[in-house]
Amino acid sequence: MEGDRVAGRPVLSSLPVLLLLPLLMSRAAALHPDELFPHGESWGDQLLQEGDDESSAVVKLANPLHFYEARFSNLYVGTNGIISTQDFPRETQYVDYDFPTDFPAMAPFLADIDTSHGRGAPHRVNGKVSGHLHVGHTPVHFTDVDLHAYIVGNDGRAYTAISHIPQPAAQALLPLTPIGGLFGWLFALEKPGSENGFSLAGAAFTHDMEVTFYPGEETVRITQTAEGLDPENYLSIKTNIQGQVPYVPANFTAHISPYKELYHYSDSAVTSTSSRDYSLTFGAINQTWSYRIHQNITYQVCRHAPRRPSFPTTQQLNVDRVFALYNDEERVLRFAVTNQIGPVKEDSDPTPVNPCYDGSHMCDTTARCHPGTGVDYTCECASGYQGDGRNCVDENECATGFHRCGPNSVCINLPGSYRCECRSGYEFADDRHTCILITPPANPCEDGSHTCAAAGQARCVHHGGSTFSCACLPGYAGDGHQCTDVDECSENRCHPAATCYNTPGSFSCRCQPGYYGDGFQCIPDSTSSQTPCEQQQRHAQAQYAYPGARFHIPQCDEQGNFLPLQCHGSTGFCWCVDPDGHEVPGTQTPPGSTPPHCGPSPEPTQRPPTICERWRENLLEHYGGTPRDDQYVPQCDDLGHFIPLQCHGKSDFCWCVDKDGREVQGTRSQPGTTPACIPTVAPPMVRPTPRPDVTPPSVGTFLLYTQGQQIGYLPLNGTRLQKDAAKTLLSLHGSIIVGIDYDCRERMVYWTDVAGRTISRASLELGAEPETIVNSGLISPEGLAIDHIRRTMYWTDSVLDKIESALLDGSERKVLFYTDLVNPRAIAVDPIRGNLYWTDWNREAPKIETSSLDGENRRILINTDIGLPNGLTFDPFSKLLCWADAGTKKLECTLPDGTGRRVIHNNLKYPFSIVSYADHFYHTDWRRDGVVSVNKHSGQFTDEYLPEQRSHLYGITAVYPYCPTGKKYALGCSFKLAG
């Protein structure tokens, strides 16, 4: 062995040696071997004593060696190929005691000379270790840390070192000596007639090991893959560790007694199963645990190798010494074992396996098996269960009070455990047990920090956080921060025969004497003996009794008629009037000027005929003035608009038309049933437009229905209709409201408008105003359904033949279906199960269809014995889908998959929309022009409500004072609404 050559003469490089070889060989007889190979004692080299574990004298280094974070000036070289930073211990120091597992071996090297006299050269292993572990319940990960092993083959000693494993994992892996035990089996000292693992499997194999710890039953799987020998003749191996291991506290040491293992051999596979006890000690603490190991080693047999002589199917591995240490400062985990492989001894019957290990125990599946001595064991019910261990039942912590759920929370029992849930309006604190009140974000509209005008003049709209906007209430004008009263009387909103009285934010009208009515419509009182002029004259004269009154006193002729010229006695203004006393526009003159010349009033201008009226007139002329019963004549209303339902003469062949008189495809009916045609032009408003804001309903459950230009409110007492408390919730001039539904999360009502071609919403708060959320791409939006859980709405368009969806603010709009639809109308949603349902009253092929809420899995549910399915609702109590059919006159229900169809009622009049609530159905009816209630169980009519204004009712929905969470149905909850 050559010492440090830094201070002595330099060693020749390999290139000059190669160049000089031919010259040297030519005079080889003259050369001494020491001259050809400049090594040995004659050159100043030191010689090691022969034998095992012999070391050199100290080798002084001129330049210190940097190794990791340390500096070394002395080295020792051993006969077994080890370079160390300290002298080797003598064999007598550890043969009868402990292995030097903390021996500072610095680097192995391939020795040129075997000094063991044929007793076996040392073996070396290099590799990487990766792992994903749960140490107790703490996850620990490490990747490609170094593994080095050194095996003394002549006596089966194997040393293994793994560096830089995180401390929790390294400490927990101390009992897992099988990680290094593989190398003990691989290079075990062979007894006559036996072979170790390396002799059998070579340098390419896979070692799979499953270890189960007791009593916790943690399981870890270890895979060690040998990938052959590297250029330095080292065995390369990769190790992967996955699973859970028990937590081992810091500073505890692991002790494992010598043991024996039986290995069973077959073609290209070796298996072994054994149990092992280990002790964890720290000071006076001594704890004994155990684990069970299942090993499987697979390798590939070389087909070209000579046939092996008979080989025993079972061999016994004797492990005489086992050591495991972890050094936190060096962050190195070390294992050391001494192994011999040989035949199975007759007196080495395997120790009886404890039933806890092989699963033959009688403990309950929810109990833990605790191994005792030999085959003894005890059973203990797991936490959350009670019993003797052989029979365990769940312990209801919620009932016994053994839970940690705090106030404002609900305890929910689970098998072996429980769960705490906070009540509505509360959330968990950091301890996940205490429920604290959810602090709502600051709302300037509620805390009064906004800058809007007074509450009676403006409305504050909160947009989240500290943002808000202001809007003047109807009857006021301004920017919302400053609002002034609008004088409605200057807009002539009252009837000409009425007096207008302006009030802050509003106005009122009162018919003049000689007329009766509400001020918006005034009709002459035929029962009075006085003429209107005389009555107004007497009324004005009576007003003069009040101080400051400056009323005009009409002038009448001898017959009591209005004089064509009227002048105000106090102001001097003059003007002309018509026979009814109404001022003729443009005739008023100021005081001191010549009064106007007032003659007879001109005849009112007649409006030009409409398309419907001109077409009707032309056809009547073509028919000779009187059409036959089977000839078509357009039907027009008083304003000349097409009536939505058109028929051939006096026959029952009818169809729907749009505002231009064009037939709506798929609506032509056969005799016996007329189609449900919805007008698309709103009727004119004779009276002044009502304020378009919400009259808030009372607290409780109620129905909302649509009727032309308004949304009606009908409260329920239980399931009975409170007809005397019904009222108008919202008036919308120029609209035809059809579909309606309710969002219980934000207390908002949503509706479709076929006249305005929009979808809108409004809050059920005092003074709330409508907000249009979809105003494009619609022609005849009819059915509407709200998914309050996913915050999504769905609607049908019977002219575009589409079904669409959007978020509740109108964003993220999406077309779900636009094919195989003719007249889609009603739509319903089951937000709990994620299903969508809709009807198509195509007169040639009516049907009810379904799909998922994202438009997938579309399919037909019902297409037989169905006529005009106008209304549709999903009943969450019975999980039934129900519909009202204006063609068959039936109310029917089916399961969501289309099976279990049954008739609830078979004698409806003309239903349009339907909703389910508690044990009743409520539907709007076009024959009765009202709301009809039907008992779900008996199928009998129970009541009806007929509004004072008699016209068609369209959509209907139910509103309740709570909102389902999506987990359980509450009594009285209704999810959909047809419309």
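Positions of Cβ are set from backbone N, Cα and C atoms, glycine also.
In TrEMBL, annotation is done automatically, which means it is predicted and not curated.
Record features, source TrEMBL:
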| type | residues | note |
| --- | --- | --- |
| SIGNAL | 1-30 | signal peptide |
| DOMAIN | 121-351 | domain 'Nidogen G2 beta-barrel' |
| DOMAIN | 352-393 | domain 'EGF-like' |
| DOMAIN | 394-436 | domain 'EGF-like' |
| DOMAIN | 441-484 | domain 'EGF-like' |
| DOMAIN | 485-521 | domain 'EGF-like' |
| DOMAIN | 530-598 | domain 'Thyroglobulin type-1' |
| DISULFID | CYS567-CYS574 | disulfide bond |
| REGION | 585-609 | region 'Disordered' |
| COMPBIAS | 592-607 | compositional bias 'Pro residues' |
| DOMAIN | 609-677 | domain 'Thyroglobulin type-1' |
| DISULFID | CYS647-CYS654 | disulfide bond |
| REPEAT | 747-790 | repeat 'LDL-receptor class B' |
| REPEAT | 791-833 | repeat 'LDL-receptor class B' |
| REPEAT | 834-878 | repeat 'LDL-receptor class B' |
Fill in: CYS647 (disulfide bond) and CYS574 (disulfide bond), distance between Cα atoms, whole Å
55
Worksheet item: Between CYS647 (disulfide bond) and CYS567 (disulfide bond), what C-alpha distance do you get in Å?
Response: 56
Discussion item. If you count other C-beta atoms within 10 angstroms, which of the disulfide-bonded residues CYS567, CYS574 is the most crowded?
Written reply: CYS574
Practice prompt. Could you tell me how many residues in the domain 'EGF-like' (441-484) are helical, how many are strand and how many are coil under DSSP?
Written response: 4 helix, 15 strand, 25 coil
Item to complete: Average the pLDDT scores across the domain 'Thyroglobulin type-1' (609-677) and report the rounded value.
Response: 79
Worksheet item: By DSSP, what is the split of the repeat 'LDL-receptor class B' (747-790) into helix, strand and coil residues?
Response: 0 helix, 23 strand, 21 coil
Worksheet, complete the sentence: Taking only the CA atoms, the spacing between CYS567 (disulfide bond) and CYS654 (disulfide bond), expressed in whole angstrom, is 59
Fill in: Sequence-remote partners of the repeat 'LDL-receptor class B' (834-878) [C-beta within less than 8 Å, at least six residues beyond its ends]
666-670, 673, 675-676, 783, 785, 787, 790, 792, 794, 796, 803, 805, 814, 816-817, 821-828, 884-888, 893-894, 896-898, 901, 911-916, 918, 921, 923-924, 936, 964, 969, 973-979
Worksheet item: Which residues in the same chain, at least 6 apart in sequence, have a Cβ under 8 Å from the Cβ of CYS654 (disulfide bond)?
Response: LEU645, GLN646, CYS647, HIS648, ARG668, SER669, THR674, PRO675
Worksheet entry | Secondary structure content, the domain 'Thyroglobulin type-1' (530-598) (per DSSP, counts of residues) | 12 helix, 11 strand, 46 coil
Worksheet item: Counting every protein chain present, what is the number of Cβ atoms, excluding its own, within 10 Å of the Cβ of CYS647 (disulfide bond)?
Response: 16
Worksheet entry | Residue distribution over DSSP helix, strand and coil in the domain 'Thyroglobulin type-1' (609-677) | 12 helix, 10 strand, 47 coil
Worksheet item: What does DSSP give as the helix, strand and coil breakdown of the repeat 'LDL-receptor class B' (834-878)?
Response: 0 helix, 23 strand, 22 coil
